[in-house]
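A.B. asks: Handing you this structure, nothing more for now.
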């Protein structure tokens with residue numbers, strides 16, 4: 001349906017414009033052929049490791065009955081989300097490294113933009129319900145089995161996916177209906193908002209303001225919620241009588257908070273604060289943090305540091321090697 005909408009979005013323009021853009025050129029990262037091959041190899045390794053790490057978590061949660069609890073079900077679904085999130089950008093980036101034309105179709109560009117932004121929004125919502133789950137488990141352990149049942153867990157997961165894919169649906173269609181009559185060169189490795197808005201033939205302040213409001217509401221409100229959740233978690237950790245228990249809890253919360261800050265910090269720089277002062281290369285590097293780095297780190301931070309998860313993964317490796 002979205003493919004049909006984006007492909008037909010150009011029809012009104014064809015009647016009034018002598019030339020309309022049918023494809024975009026993603027410049028990606030600069031460099032000669034040797035540099036492109038090096039970058040291709042690096043990002044391919046990161047992509048494969050991300051897929052293996054998140055895939056292993058999904059299999060462990062599915063096959064180990066001890067992990068059929070809300071916390072691990074959330075982690076398994078989060079790993080599934082990360083696979084699709086990194087797949088929305090990295091495969092096209094890898095193709096771009098080896099391409100001579102570096103072209104992407106009009107429809108393909110806006111489909112990538114829609115899935116990339118929708119999956120990013122879904123990840124933001126997932127981080128919130130995961131923080132809520134940990135808050136209940138640590139701050140209200142007696143009420144946790146009542147408040148976080150499996151049914152409620154699956155309901156929250158469904159809400160995250162639905163909200164994530166609804167958040168940018170109308171605005172993406174609206175963006176695709178702008179007039180693009182050339183040039184068609186995007187100085188980026190993905191189809192992102194600012195480069196696309198810059199290529200529009202006519203100013204579109206309404207669309208730009210609408211995106212800014214949606215981005216700000218989603219990012220800032222969820223960041224405040226997460227910050228408040230971690231403050232309450234840290235307060236609860238400080239009351240733990242055991243020094244070893246406090247160190248372990250601080251280590252876990254600290255690593256979680258570091259990844260959250262990396263993810264939200266880069267999102268705020270790109271979509272909430274003005275980006276006109278950032279060079280094209282700086283924007284590419286910032287984008288890498290929330291498109292490639294955090295999906296790569298999340299399996300290590302959220303799951304592989306967990307004792308039960310590591311035991312389940314070892315069991316999974318033994319079964320697969322037999």
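Don't overthink the numbers, they just go from 1 along the chain as shown.
Using the three backbone atoms N, Cα and C, a Cβ is placed for every residue, glycine included.
Straight out of TrEMBL:
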- 53-302: domain 'G-protein coupled receptors family 1 profile' (DOMAIN)
- 37-60: transmembrane segment (TRANSMEM)
- 72-93: transmembrane segment (TRANSMEM)
- 113-132: transmembrane segment (TRANSMEM)
- 153-170: transmembrane segment (TRANSMEM)
- 209-233: transmembrane segment (TRANSMEM)
- 254-273: transmembrane segment (TRANSMEM)
- 285-304: transmembrane segment (TRANSMEM)
A.B. asks: Top stretch among 72-93, 153-170, 209-233, 254-273, 285-304 for CB pairs under 8 A with the transmembrane segment (113-132)?
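C.D. replies: Selected stretch: 153-170, with the most Cβ pairs under 8 Å.
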A.B. asks: For the transmembrane segment (209-233), could you work out the same-chain residues 6 or more beyond its ends whose Cβ comes under 8 Å from its Cβ atoms?
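C.D. replies: 121, 124-125, 127-128, 131-132, 134-135, 138-139, 167-168, 171, 174-175, 193, 253, 256-257, 260, 264, 267-268, 271-272.
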A.B. asks: Averaged over the domain 'G-protein coupled receptors family 1 profile' (53-302), what pLDDT does the prediction give?
C.D. replies: 88
A.B. asks: Might you confirm whether the transmembrane segment (285-304) is in contact with the transmembrane segment (254-273), defined here as three or more C-beta pairs under 8 A between residues 6 or more apart in sequence?
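C.D. replies: The answer is yes, given that the two segments have at least 3 Cβ pairs within the 8 Å cut-off.
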A.B. asks: Residues of the same chain, at least six outside the transmembrane segment (37-60), with any C-beta under 8 angstroms of its C-beta?
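C.D. replies: Residues packing against the transmembrane segment (37-60) from afar: 29, 31, 67, 75-76, 79-80, 82-83, 86, 90-91, 93-94, 97-98, 292, 295-296, 298-300, 303-304, 309, 312-313, 315-316.
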